[in-house]
Amino acid sequence: MMNHQFSSLERDRMLTDMTKKTYDLFIIGGGITGAGTALDAASRGMKVALSEMQDFAAGTSSRSTKLVHGGLRYLKQFEVKMVAEVGKERAIVYENGPHVTTPEWMLLPFHKGGTFGSFTTSIGLRVYDFLAGVKKSERRSMLSAKETLQKEPLVKKDGLKGGGYYVEYRTDDARLTIEVMKEAVKFGAEPVNYSKVKELLYEKGKAVGVLIEDVLTKKEYKVYAKKIVNATGPWVDQLREKDHSKNGKHLQHTKGIHLVFDQSVFPLKQAVYFDTPDGRMVFAIPREGKTYVGTTDTVYKEALEHPRMTTEDRDYVIKSINYMFPELNITANDIESSWAGLRPLIHEEGKDPSEISRKDEIWTSDSGLITIAGGKLTGYRKMAEHIVDLVRDRLKEEGEKDFGPCKTKNMPISGGHVGGSKNLMSFVTAKTKEGIAAGLSEKDAKQLAIRYGSNVDRVFDRVEALKDEAAKRNIPVHILAEAEYSIEEEMTATPADFFVRRTGRLFFDINWVRTYKDAVIDFMSERFQWDEQAKNKHTENLNKLLHDAVVPLEQ
């Protein structure tokens, strides 16, 4: 049953095997850009390996606004080309993984004296529809003030003139990343998490490999490759320093936080994109019985590994909520969870964080190290295509075979083999029935079918196999089934991997995490044969994340 190529129980073997081959491409960084590049390259026939020093998607790729969006706000900066490319790309991302990405109608209210008026909103959304190639059923409509309040009664009534209504796509960024990575594994890619590149290896001034440290065991491995890509997001400049090539352009990190509230406190029924008092734009989005709101955009110069919410960040978002939804009187005590993430933007002199372009660029150093900088979640597939085209051309120049064009445009990602978006609901309905037949509640069966898509049978098989063990441990069987699946087929190596990135529960169901964490940690501890010290360390790490999700940095 185990997928040997992507089980965290196989990490040692995988790392040892890597030292015995020379790869066409070695990718440093296991976020969405690295995962997309691995899938593109492996599906063209390249031999690909990848290392990620934390967990997959642990950096920016699990901390976004969780929208595959068309970039409406970039029209304000007249970034027409970006809106056109990203908008079209959005539909492709959706079709290839409809279980992780879903259309979400967005309300854009406009008030007297706000950033957008009726005319600019209408024109802006029309241009957006045109540039982004929006399909007919999802084209924007304009609403009166009365219609706007029917869509969302909580919106500020004072000065309300109307609203725009258009489609965004909501996603689970971390699961999108892991599903892309799993599809890359199917094509033969070899990704390993918790493996840090300590240094680059050179021959005659050219980068020919990496020295990797397994962060969990402290063992070291030398791995060789014809081409090396730096897809480390916020860390790209650190790797360029190792390569002595950090000159010219560099990154500017900005931080964005999101707050999560229970629907009982913030009963939003409709996603809203709205003005803040200082002229920025913020999203409020209902999701799984919660409402989440963000984001901020502030220059960040602290440690990159664990950005935290500050009191100032928190208060800014709360003030924005109470400005647009004045009847709620939200306070800091209402916050159930939060997250903070970094945008790895390409520095532009004299620009405010919100004005800096989100475009991506590829830089090649004298040693041949290829760096991908900037970019957006939505554009990951296109970015990967550009990188792999460059790698293909360089390899061809050096006498290697031609690996041909990109194949990912109509390629479902792992879990996405459900017959396209039009068949998703019938697929989920059928699988929900199977889950109920296996003894699960309708709610749990449906949630599993949506989360795992066409891989859900692998989870259902484990529901059958783990019934006795679940009863013995006094934990619902589907939780053990998910945990085992994520260890054996999604390279989950720590409790945080499972609770934060494989299930998103630390953000969207934090009390569930508090309820089941000890039982899941016990289960994982036996699977990984952790000693007491290791088990305590993993427990402490998870408890710290639970604390940081609610308590700002200064408290």
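Backbone N, Cα and C define each Cβ position, glycine as well.
In Swiss-Prot this protein carries:
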- 24-52: FAD binding site (BINDING)
Give the number of CB atoms, excluding that of ASP24 (FAD binding site) itself, located within 10 Å of its CB.
21
Tell me which of the binding-site residues ILE28, ILE32, VAL48 sits in the most Cβ-dense spot, judged by other Cβ atoms within 10 Å.
ILE32
Densest Cβ neighbourhood among ASP40, GLU52 (binding-site residues), 10 Å radius:
ASP40
Residues near ARG44 (FAD binding site) in space but at least six apart in sequence (CB under 8 A):
VAL388, ARG392, PHE403, GLY404, PRO405, CYS406, LYS407
On the three-state reduction of DSSP, what should I expect for ASP24 (FAD binding site)?
strand
Give the sequence-ordered list of residues that share a chain with GLY36 (FAD binding site), lie 6 or more positions from it, and have CB atoms under 8 Å from its CB.
VAL180, TYR380, ARG381, MET383, ALA384, THR408
Any idea what DSSP makes of VAL48 (FAD binding site), helix, strand or coil?
strand
